[in-house]
């Protein structure tokens, strides 16, 4: 754990390499496991103002062992930031894979996928790099292709995947204009070429697509277009994870008990100039991890000393339970109120904020918004974060236009049609409105379910029952510069993470604990 840009993903990669090396094997499975990270980074990471290679999802990697040999692996992913596909703030980029494709595909391949000059695309507009950067992206694209081959993706699957990504970019350039015959809107004449490109590549035909995007207002049209792009990308990402799990599953007798090491690499705490719904979810996940750390390091540790009747002076720590209660309590926690407001068709982001202001009046960890921007602030364990409330209800509902799902099922791209067939997604998902992802709130975290994916509740249960080791990553400076140490920034992280108290409990406590049998034997 640690702030965004503190080095969590790099540490995870080094840890995986170290564990594979300790296995002293050189099996194909070990090489496949090492290739999983660069693959996921391409599709799940992006440049932000805090980090040039920021994980925009959380991942939990389970390594399964028999006699100190790795026999299989499983990956769970959480909370992919799908909104990044259609919108990025100043100084930020879309997911890496889009840039890698432009830099790495040949002219013939670009023509096959209908890709033109990258500067033309609204979803990545004005964010293409210099010649040096493009060269680096070209190399990264080759690494992604190698990783796809190594992990075991078929050639046609790779072609389909890139066709969908190209279709998503073309769809982003579709605009709308009023119809002369009635009050509704239609796809503008100027952007029909883009719609055709998206439809030919990813959807079955142009005209059903046109009908599906006929809406009453410009905002609804744009939302429908962006929903299609976000859902398509999210499904591709989920499919990649599920495919990886199929390929890395252990092939052993079910009776054999396997030992397991799990590595959780989750998005870091974020505080941007503009913080949205996604930042709230990310920061809540970090609040939960901090609470888990406190529980394990301070509460359990000191309880053991008291039980043993050891002379011990209690060490106090900053308990973030009140913040979790503010966010997660039922029925009056922030996320319960958000769910309640999302259920009312007439509710708006303003009515949601009004509800928060009245419900949390006097709460030490909540502050109403000031000025013209609709929002509120939460005093997190890592400091105060001001959230912009615009879009909260829409993102919480996360709906897909009902008449759009059929387009995906009828797609000429085999992969895309498979991703949207209800029985492929399990019986529970088939019942959900317009086949969109089932939305589950566990501890306030939005999880997009796909087959084989664990909920965060299962993850937290597993963590509480395991023997955890904490790797706290500390960010040296906020300029993304090597060799620069900002002492004040370091101290701030040590303080809010509770690391100064941790050092004290480790120094004053009992860090080495042999069992009685070990002690007697010795």
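Backbone N, Cα and C atoms are what each Cβ position is placed from, and that goes for glycine too.
Curation does not apply to TrEMBL; its annotations are automatic.
Annotation source TrEMBL lists ATP binding site at 2, 3, 4, 5, 6, 7, 8, 9. Annotation source TrEMBL lists domain 'Myosin motor' at 1-522. Among the features that TrEMBL reports, region 'Actin-binding' is placed at 456-478.
Annotated features taken from TrEMBL, shown on the structure.
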residue : record           : CB count, 10 Å
2       : ATP binding site : 20
3       : ATP binding site : 24
4       : ATP binding site : 21
5       : ATP binding site : 22
6       : ATP binding site : 20
7       : ATP binding site : 17
8       : ATP binding site : 22
9       : ATP binding site : 23
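When the region 'Actin-binding' (456-478) is classified with DSSP, helix, strand and coil residues number 10 helix, 1 strand, 12 coil.
Taking the centre of the Cβ atoms of 2, 3, 4, 5, 6, 7, 8, 9 as the ATP site, the nearby residues of that chain (Cβ within 8 Å, site residues left out) are 51, 268, 473, 475.
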